[in-house]
Amino acid sequence: MKIAVLLSGGVDSSVALYRIINKGYSNIKCYYLKIWVEDELSYIGNCPWQEDLNYVEAICNKFNVPYEIINFQKEYYNKVVSYTIEELKNGNTPSPDIFCNQRIKFGAFFEKINSQYDLVVTGHYAKIQIKESKFLLKQAKDKIKDQSYFLSHLSQKQISKLYFPLGTLLKSEVRQIAKNINLPNKDRKDSQGICFLGKIKYNEFIKYHLGEKKGNIIEKETGKIIGIHNGYWFFTVGQRRGIKLSNGPWFVIEKDLEKNIIYISHNENYLKQAKRKFLVHEIHWINDTPTNFENFKIKIRHGEKKYSCKLKLITNNLMEISLNKKDQGISPGQFAIFYKNTECLGGAKIFKIIE
């Protein structure tokens, strides 16, 4: 069996490689996907990904496995970065990591390697199960690290080629394995944030592409102007961090795109923003469209929290979702991801909040 392993230089993908080798497989080649964009590099002034490449080389040398660097900068910009910029311009909250997996890691990469490999291994926290000749995407044992949310838009064809060796482990167990076998990156911290940014701060990326535009920050309850911001695209509804005003904490309650106004409040559960019903479109199912939607739960962001809900399919590409509890951070552009027990069934893009 020929196996391709995607290595990022992090602990997770390195332990995934070790576990596949430990199972007795030897016909293995590793790949590092180069997806950062030249403009961002020149803007920051250095190459924050060189450390990744150094670790990839060290890991492959340790296990005597060949590796190759594949450049997907152009594809990534066209298929993921441009989408992110457009969503921010429209005042939405993008989820670029969903499309990074669908269009690049398991899209452009699969096209590049064609049918050279029987299996592609990564360090994602998720599980694949075969049932009645169908491949199911399941949540990982570690519900905090579970990444099924970001894998929700993969196809049957993509999932059929994948294996996630970390799906049955807790993050603490992965760290312990790394220490036990003395991996070169055993003490390396986990990466945070969007996959293509590396050490570039998210706000620096936004500023580079969309610039700055001064606008008022208004307290929702009083209507008073209490500050100035640099552009609505730097803020997400429900956001708490990054609001640099005294007498906090403050929460972003609403955005007026036309007037470039950010409304904030001390009250996290401000009724205007606590919603439970919304419309989604661009619906994607990993397998066939379900015949009924009973006992479904959804996530509206990455994390442990799931909501019980009622789903009403209006057309094949339009659905109304009613949560059993209100949520103060629902925002157009986010993705609602469908679950039944621990199976991830797919997802859809939120585009209109109803009530």
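Quick reminder: no glycine exception, Cβ is built from N, Cα and C everywhere.
Counted within 10 Å of its Cβ, the other Cβ atoms near Ser8 (ATP binding site) come to 20, all protein chains included. Swiss-Prot lists Leu6, Leu7, Ser8, Gly9, Gly10, Val11, Asp12, Ser13, Leu33, Gly123 with the feature ATP binding site, giving sequence analysis as the kind of evidence.
DSSP assigns Cys100 (active site, nucleophile) to a helix in the three-state reduction. The active site, nucleophile annotation in Swiss-Prot covers Cys100 and is backed by sequence analysis.
Within 10 Å of the C-beta of Cys100 (active site, nucleophile) there are 24 other C-beta atoms, taking all protein chains into account. The disulfide bond feature in Swiss-Prot is assigned to Cys100-Cys195.
A sphere of 10 angstroms centred on the C-beta of His124 (site 'Interaction with tRNA') encloses 25 other C-beta atoms. Here Swiss-Prot flags His124 (among others) as site 'Interaction with tRNA', drawing on sequence analysis.
Marked as active site, cysteine persulfide intermediate by Swiss-Prot on the basis of sequence analysis: Cys195.
Marked as site 'Interaction with tRNA' by Swiss-Prot: Gln334 (among others). According to DSSP, Gln334 (site 'Interaction with tRNA') sits in a coil region rather than a helix or strand.
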Count of other CB atoms lying within 10 Å of the CB belonging to Asp12 (ATP binding site): 26
When the Cα of Gly10 (ATP binding site) is compared with the Cα of each of the recorded positions Cys100, His124, Gln334, which one is closest? His124
Span of Leu6, Leu7, Ser8, Gly9, Gly10, Val11, Asp12, Ser13, Leu33, Gly123 around ATP - largest C-alpha separation, Å: 16
Same chain, 6+ residues apart, C-beta under 8 Å of the C-beta of Leu6 (ATP binding site), given in sequence order: Ser13, Cys30, Tyr31, Tyr32, Leu33, Lys105, Phe109, Val120, Val121, Thr122, Gly123
Rounded inter-Cα distance in Å - Ser8 (ATP binding site), Cys100 (active site, nucleophile): 14
